[in-house]
Each structure stands twice: as structure tokens, then as C-alpha cells.
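Taking it in order: structure first as C-alpha cells, then the write-up.
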Amino acid sequence: MQGLPVLTAAAMRAAEQAAFDAGVPEYDLMERAGAAAAEVIWRAGGRRETLVLCGPGNNGGDGFVIARLLRGRGVPVRVAALGESRTESSKRARGAWDGPVESLADAAPAAQLVDALFGTGLTRGLDEKVAGKLDELVCRASLSHSIDLPSGVATDDGALLSPVPHFGTCIALGALKPAHLLHPAADRFDRLVCADIGIPVPSAIHSLAVPDLQAPEPEAHKYTRGLVAVIGGGMAGASLLAARAAAHSGAGSIRHFAAVVAGSGPDAIVHRHVVAPADITEAVSDKRIATVLVGPGLGRDEDGRARMEAALASGHRIVLDADALTLLGEKGRDAIPAGAILTPHEGEFVRLFGDLPGSKIDRALEAARLTQAVVIYKGPDSVIAAPDGRAAVTRGFSSWLSTAGTGDVLAGLAAGRLAVTGDPFRAACEAVWLHGEAARRAGPAFIADDLIGTLPAAIASRL
Ligand SMILES: NC(=O)C1=CN([C@@H]2O[C@H](COP(=O)(O)OP(=O)(O)OC[C@H]3O[C@@H](n4cnc5c(N)ncnc54)[C@H](O)[C@@H]3O)[C@@H](O)[C@H]2O)[C@H](O)CC1
Ligand SMILES: [K+]
């Protein structure tokens, strides 16, 4: 199952051009976009007194169409424009609006505010006065909607080119853009809606889909469902947390090899007190192991390095997290086996890959290409990138995930789903979604251990 297509500004223009080349009149797309957005606004705001702000480009053209259609439904609508309309379509849409057009600078607040100032054509930050006026009008409105993108965000990487108000709704037109999912832009609205404008929008990048999970087959047993070996080090709490997450991921059996075993953890996890790295080699030599996880609680000393190398040498599918990524940053990426899953946060990513150009999506895809591994590039937004150019992007589930140990839980989930599916990209996507859904179900102020408790319900919701 795939999420919604994510297109850059250029890719969106190419998709629109392909529609024009196929005979769709340019102005048709603007009417379709305006109608789709007007429907969303109407359902949210009914007949609230509405002010539509129209910019000089086609985003503004959408705004004129929206204003005309809302007025046609009996909504008291005012329009304020930022200068003249510069494109053929927006001039035509302005002409079809036969009401007054106020100047933006003098526009009085309204209960419902529609921002159709700028969309994918924004090339620089808004003029300070314009940004200030937009902020004032959004703050004074009880409902606010941004058309295609909040005015002021950079379409392709989610940067803020000028201060951007916080909107209630963002209505993406035709397809999602990176700025809908990448922070800080993705944090400038609560609800995200994607309005279909009836044109093909091909893309290798999608929003993270809600996964379809399967219960085990009747004849399944603990090895067919996947045996996960979690290799810890001196800080066993982290690897135990990862092991517990793997145990609740749908995998069939978990072994936890650590030099220090903190507490005992659930009896379902087989703990082996393994101190010497050479013993790790023997422990992971079991051919029934489906995936190995190394990193949480590993330690960055010689002992940790030796344990990681034993894991890498095992030949099993592998998830590399936390300290393992730091050690690989020192040791060199070429030790990363193809088909691995890497789970770097920002700092680990830069240590492993340096300062790559482009958006977070571009960087994750380049890292996947360089390593031939699947990369979960974590953060308030997460990008899951595959070596073949596919990527799944999520704007994030809960800011409460910024607490110790949640990375260990995600790593355990990735190892577990890899053991179940055998498919690194699918496993990474399922793990990120389950991690976020478990957090959503845990409510505010949870600790990482609480996520273990809400995982079964998160899985049940997708069976
Ligand atoms: N292409 C189509 O048929 C459809 C497009 N859709 C909508 O159109 C916008 C993209 O429109 P575009 O004209 O390319 O750009 P914008 O309307 O976003 O505005 C760019 C416009 O403004 C000037 N400009 C850029 N930055 C600034 C600034 N900081 N201050 C002032 N002026 C600025 C720039 O020179 C252009 O003139 C897309 O988002 C959709 O909303 C329809 O949805 C579908 C049909
Ligand atoms: K806008």
C-alpha cells in the first residue's frame, strides 16, 4: 500500500504541463483546484464571513476561483489582492470574480481566512509588511486555510523563507509537496488535506502509508515468524528495550546477547550473558536467526566495535542503530552490507554521510544509494529511503517521542519487522508507522517503555 505522491515544484509543473499537452485547458486546472479547495473550506467553515487573500500568480488565481464558488454558496466573501494578477489563468479567474477587490494592506480581519498569496512559485521570503499582515489576519480568524502551501514556505525542502503563521488547514493541490511533510514547514498547520485535481502525478516519493499487517499463518512457528538476535553491550537497558520492542513487533522469537543484563525483562526473551566478542560470533552463528540488531547500548569502545564486527560478519540481515552508526562513521561506510537498515538521527547521519546537498528527502536517498541500504532518517519528520529511489516521508506523529529510549524501540521494531517480512524498505516503513501509532496511543508524557504496552493495539488496528 502506498501513501500519497509527493512532488517537488518542478515535478508538479511537469505534471501540469503533461496535462496541458494532453489537451486539458490550463484554466480548467485552476477551476478544478479552486472547486476542490472550496469544497474543503465550505465543509469546515459553512457560511462564516470569509476573507480570501490573492497573490499575483496562479495561487492567487485559485483564490479568485474559491471566492467566486464560496459566494455562489451564499458565503459572505471578501477578496483582498496583493497587486495585479500576472498570469493568464489568474487574470481570467480575477475577471470571473465580479465583486470588489480590496488591497491587502487595508484588509480588515474576517472569521475565516483563506491564504492564496503564494504556492509553489514562491522564490523568496514575503515582503515584511505582507508577512506581518498575513500573520495578523490569520491570528484574528477562527478558521484559517492555506491554499496549496502556507505562503512563505520553500516548496521543496520545507524551509521557512519568512515568518509563516500557523494555519488550521493546509489544502495541497494535485499532490503533496515536500514542504507538507518536512519541518519546519510541516509544523505550520494542523490538518493536511490533499485535493485531487484529476491529473496523473507520478512520483517515487510518497507519504508514509498506513500499513496492512497480517496475522501469522496457522502453521507458523517461532522460526518461520522470524528470530531476532539483539546484541547489546555495556548499557543493557537500551538493548533490552529494543529486544522488548522486537518481541512485540510480530517476530517469532527474540534472543538478547548482552554483557550486562539489566533486570530480567519478559521471560519470552531468551537472555544470554555474552561478554567476549568472540562469543558473539558463536551466538550469531545460528542459521535460524532472521535478523540481527546491533547498536542500542553497544558502547563505542573496542569491545563494542568487536561485537559490531561479529554481527556484520554473521551474514544475517542486519539493523544498525545508535552506537553502531557512530562506530561505522569512524570505521567507514563500506562495512555496511547491502540490504541493511540504518536508523540515523541528524547527528549520526552527518557523521556517516557528511553535509549532503538538497532536502532531507534528497539526502536520505543519496545515503541509501551510497550504502545500498535502507535509511530511516529520523527527526520530527522521518524519511525512509531505499537504494532504488523510493522514499516514504512522514511529518511526524508525536513530539512526545523526544524522550530517551524511543530510538531503541524503533530499532527493535525495524529488526522485528525485517524478520517478519524479509523486505528492508517495507519493514522500515512498518516500523516507523507502528512506532508513531504506539506513541499516539500512549498519549502525552509517555516514556519509551510505555510504547511496548501500546504496540499490540497498534498492530491490531492494522490487521
Ligand atoms: N499551473 C497550473 O495550472 C496550476 C497551478 N496551481 C496553483 O498555482 C500555484 C503556482 O502558481 P505560480 O504562478 O507558479 O506561483 P505562485 O502563485 O505561487 O506565486 C508566484 C508569483 O509570485 C511572485 N513571487 C514569488 N515570490 C514572491 C515574493 N516573496 N513576494 C512577491 N512576489 C513573489 C512570482 O514572481 C510569481 O509571479 C500552485 O501553488 C497552485 O496553487 C493550481 O493549483 C493548479 C493549476
Ligand atoms: K498559499
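Quick reminder: no glycine exception, Cβ is built from N, Cα and C everywhere.
As annotated by TrEMBL, domain 'YjeF N-terminal' applies to 12-205. If you look up TrEMBL, you'll see 58-62, 119-125, ASP148, ALA238, GLY297, HIS345, ASP408 marked as (6S)-NADPHX binding site. Summarising the annotation, TrEMBL assigns K(+) binding site to ASN59, ASP115, SER151. According to TrEMBL, the domain 'YjeF C-terminal' annotation covers 205-462. What TrEMBL records for LYS378, GLY379, PRO380, ASP381, SER382, GLY407 is AMP binding site.
Shown here: features listed in TrEMBL, placed on the structure.
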residue : record                   : CB count, 10 Å
ASN59   : K(+) binding site        : 28
ASP115  : K(+) binding site        : 31
THR120  : (6S)-NADPHX binding site : 25
THR123  : (6S)-NADPHX binding site : 8
ASP148  : (6S)-NADPHX binding site : 27
HIS345  : (6S)-NADPHX binding site : 16
LYS378  : AMP binding site         : 23
GLY379  : AMP binding site         : 15
PRO380  : AMP binding site         : 17
ASP381  : AMP binding site         : 22
10 Å Cα neighbourhood of ASN59 (K(+) binding site): matching binding-site residues from THR123, HIS345, PRO380, SER382, GLY407: none
Closest of SER151, GLY379, PRO380, ASP381 to GLY61 ((6S)-NADPHX binding site), Cα positions, binding-site residues only: SER151
Candidates THR120, LYS378, GLY379, SER382 (binding-site residues) - the one closest to SER151 (K(+) binding site) by CA: THR120
Distant-in-sequence Cβ neighbours of ASN58 ((6S)-NADPHX binding site), under 8 Å, six or more positions away: MET30, THR87, SER89, SER90, GLY119, GLY121
Binding-site residues close to ligand 1 - of ASN58, THR123, HIS345, GLY379, GLY407, only those whose C-beta is under 6 Å away: ASN58, THR123
Residues close to AMP site centre defined by LYS378, GLY379, PRO380, ASP381, SER382, GLY407, Cβ within 8 Å: HIS345, TYR377, GLY396
Among GLY61, GLY407, which are binding-site residues, the residue with the most C-beta atoms within 10 angstroms of its C-beta: GLY61
Env. residues of K(+) site, Cβ within 8 Å of mean position of ASN59, ASP115, SER151 Cβ: LEU53, GLY55, GLY60, GLY63, ALA116, LEU117, PHE118, GLY119, LEU134, SER146, ILE147, ASP148, LEU149, PRO150
Residues among the binding-site residues ASN59, THR120, GLY379, GLY407 that border ligand 2 - Cβ under 6 angstroms, in sequence order: ASN59
Three-state secondary structure, which DSSP defines for GLY61 ((6S)-NADPHX binding site): helix
For SER382 (AMP binding site), the number of other Cβ atoms found within 10 Å of its own Cβ: 28
GLY407 (AMP binding site) in three-state DSSP notation: helix
